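Single-structure report; data block below.
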Amino acid sequence: MPTEIAPCDRLIVALDVPSVADAEVMIATLGDAVTFYKIGMELTYAGGLGLAERLAADGKQVFMDLKLHDIPNTVERATRQIAKLGVRFLTVHGFSQSMKAALAGAAGSPLELLAVTVMTSYDDADLATAGYAMTVKELVAHRAVQARDIGIHGLILSPEETQLVRPLVGPDMQLVTPGIRPAGSDVGDQKRIMTPALAIAGGADRLVVGRPVTGAADPAAAAEAIVADIATAVALVGKTNRS
């Protein structure tokens, strides 16, 4: 029986900072307001693997956003190394060979894999320039179904696509959405965005938020406000998603 995700566990704060020292300051500033962190490529290359392991050991949930995509053997072996850190999520690009290899690397561990469908900084024009004949929504749907069939645990997708994808993949896949901006926030380099409450109402399970929290005058208060918005949205739609 699926159990409900606590509102605080639905918010994933992106530690998009250039050093472990900067990340540690932000983590201390956020304190108990945040339970789930995302570590991306910049921080990983600056020593973030050790930080991820420490956070996991301290009881925080960690999402390694590395978007693995290489020859299958490399993806499998890299995934196996990440699984040793004790983190919750790892991203892999939504190409069949990469997804299958990552699943092999995660076998026997609690690591959950999230397939990246289409980056939230892309739009239809960007896909056309890259040689894709599909629209964003068509490519997202195609990769979502492929990930479901391969056995991937969840998806990274824009909040604009959750209502399209949920009927295609069923209730058990985690839908994790970047491109989240509280009302009045700067959109930055994102093109497909939504407020936290609307994203939850649209079917997202977890929301990735960076600058609106880490760049706020009071990051802990900003995180708490987003969690409150999430809690309100969850109550309104009566979500009972998995933990």
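Using N, Cα and C of the backbone, Cβ positions are placed for all residues, glycine too.
Feature annotations, reproduced from Swiss-Prot:
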type: ACT_SITE; residues: Lys67; note: active site, proton donor
type: BINDING; residues: Asp16, Lys38, 65-74, Thr120, Arg181, Gln190, 210-211; note: substrate binding site
Round to a whole number and give the Cα-to-Cα distance in Å for the pair Gly210 (substrate binding site) and Lys67 (active site, proton donor). 17
For Pro72 (substrate binding site), the number of other Cβ atoms found within 10 Å of its own Cβ: 16
Tell me the Cα distance separating Thr120 (substrate binding site) from the residue listed as 'active site, proton donor', rounded to the nearest angstrom. 13
Tally every other Cβ atom lying within 10 Å of the Cβ atom of the residue listed as 'active site, proton donor'. 18
These are the binding-site residues: Asp16, Leu66, Thr120. Which one scores highest on other Cβ atoms within 10 Å? Thr120
Helix, strand or coil for the residue listed as 'active site, proton donor'? Use DSSP. strand
Near His69 (substrate binding site), which residues of its chain come within a Cβ-Cβ distance under 8 Å, counting only those 6 or more away in sequence? Val75, Val92, His93, Phe95, Ser98
